[in-house]
Amino acid sequence: MAETRPIPESLPPLPPAFLEFLRENGLDPMMYSMADTIPRYIRLKPGMEPQIPEIESELKCHVDKVSWLPDFYAIPPEVQIAGSKAYQQGKIYGIDAASGAAILALDVQPGDHVLDLCAAPGAKLCMLADMLGSTGSLTGVDVAKHRLAACRTMLLKYSLGDRCRLFVADGTSFSILPVNCSLGSGEGSTGFKDNGSTFSEWTSKRSWKDRQKSKKAKTAGSPHLTSTSEPELIYYGKHSGLVGLRKCDVLRPSADDEALTSGYDKVLVDAECTHDGSIKHIQKFEFWGWKTLDRRVLDAERTDNLLHLQLCLLTNGFKLLKTGGSLVYSTCSLTVAQNENVVQQFLCEHSSAELQKIDSAGNWPCRSGSIFKTLRFDPATSQTRRITSWIDIMIY
């Protein structure tokens, strides 16, 4: 781990309303003054270790191996990676160690079918694809098409999209199962018109019909789908299992309880939240204006809507798990309401769900949440820039 710097003694310039929000949630405002005292993190693509001296030369700094997180390295907080050849050539990408830990907790195994239900902006999706390697499948879902398009760009840049498929869809209602698990079952109405069309190899060139559809969506003015919108497939890799299959078979929603035998082995729900635990995000409000913070973080109605959304995302992610599968729920909020309370309500409503101990977390620099077997990362404890709270749930 990179050498830590002294923690500033002065309180960061936060507005009174936000300080009150922190007080009500038992959070120390001093953690927002630590941005310049904790490292940034990068992840090397597997096999890039011999090129570390060259990467250090490009970044003009020493990279420190993170002992508890494979392929992760710490760099000084002021170092920018976007201009380096290593970044431009897809050898490294930026991802906070707390996010990497959430991925590691999933314990992805060869042949697993993995679902990332809130995939944007894409770093976690890339790490999942790296861990899968040349087996299994990876499905990424996000409600915002432009953000999911950024995920697609990342996958292609790092040559990790071969076994991936990306759906613009509402994560609270998405119900498409892994392709080679869902075929041959659930005959009858699919919810999609069967025009006999099949998937050919994916190309970045869009058809006239797709361009017209996109133009209409822009005219409508909303970048997000409604909960009743059909999922839109914007990318699938050569070995994602789709090429040559009928679209009506692949895109059909799953039937009740079908996922128990044909669902995903692993599901990640990194849910939308108030982002109060992202130091970098909170710092942006100094430029956006603190009134924007009131609307995005402190507004009671929005918070209530977020809590409902988080529970719905967690519930649907669990619904898509096969028996014996595991789900990790995480946020970048430190509030109990968006973490332990959501988990507790979910567990009360789902008797088949069971919290699992993270076996690999024995040497992780984190602390326990207020519910047994939940974990929390924060700047003071973990030297991470993103504050993450998360749990591992198993269906049995």
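Positions of Cβ are set from backbone N, Cα and C atoms, glycine also.
For 27-396, the entry in TrEMBL reads domain 'SAM-dependent MTase RsmB/NOP-type'.
Residue density at Asp270 (S-adenosyl-L-methionine binding site): 22 other Cβ atoms are found within 10 A of its Cβ, drawing on all protein chains shown. The feature S-adenosyl-L-methionine binding site is assigned by TrEMBL to Asp142, Asp170, Asp270.
The region 'Disordered' annotation in TrEMBL covers 205-227.
Taken from TrEMBL, the feature active site, nucleophile covers Cys332.
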Maximum Cα-Cα separation in Å among residues Asp142, Asp170, Asp270, which the record lists as binding S-adenosyl-L-methionine: 14
Residues satisfying Cβ distance under 8 Å from Asp142 (S-adenosyl-L-methionine binding site), sequence separation of at least 6: Cys118, Ala119, Ala120, Leu148, Cys151, Leu166, Val168, Ala169, Gly171
Asp270 (S-adenosyl-L-methionine binding site) versus Cys332 (active site, nucleophile) - Cα distance in angstrom: 8
Cβ atoms near Cys332 (active site, nucleophile) (within 10 Å, other residues, all chains): 27
